[in-house]
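To start, the structure itself, in structure tokens.
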């Protein structure tokens, strides 16, 4: 949903996950927008999950739905202990439990080996190039990350940070207050 379509929903952000040199970084901006108004500039939308913080996760979308999706995924991760298995089990729940309905949110999750997008409709998608970019500035961040990967020797954390900064310069729903985690 375009952030401007419903001015009463808190949403819009940019999250990116980048892999390089055996490392993965997930970065996100800090802006929370309600309709056309910036409500907060320093939100933390990227976190470590799992027993030992072995999974990185970032969320984009309607805030309440994103927190619900986070909680559901984290419960599956705690139960199964493995990223792909937790994502698949969460997707199975969508097919069997009507109460989950449709959440207007996306998660970008990554561990040392795998990167996945988990949608609020129960879809699990693994990107073919190891880059995930979601949210209102996702296209800008994805373009920046691909260019930096192809034409520089920068590490994953630096590329993720710069991709969010570039998106923040272009997308009105994204700022340059970057939070980044790396494995």
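Indices start at 1 and increase along the chain as displayed.
Cβ coordinates are placed from backbone N, Cα and C, and glycine is handled just like the others.
Swiss-Prot annotations:
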ACT_SITE  13  active site
BINDING   168, 171, 174  Na(+) binding site
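In the structure as shown, the Cβ atom of residue 13 (active site) sits within 10 Å of 32 other Cβ atoms. Across the fold, the C-alpha of residue 171 (Na(+) binding site) and the C-alpha of residue 13 (active site) stand 9 Å from each other. In the three-state DSSP classification, residue 168 (Na(+) binding site) falls within a helix. Around residue 168 (Na(+) binding site), the C-beta neighbours below 8 angstroms that are at least 6 residues distant in the chain are 14, 29, 137, 174, 175, 176, 178. Cβ packing within 10 Å was compared across the binding-site residues 171, 174, and the lowest neighbour count falls to 171.
Residues 168, 171, 174 make up the record's Na(+) site, and a Cβ search at 8 Å around their centroid adds 14, 29, 31, 136, 137, 140, 141, 164, 167, 169, 170, 172, 173, 175, 176 from the same chain.
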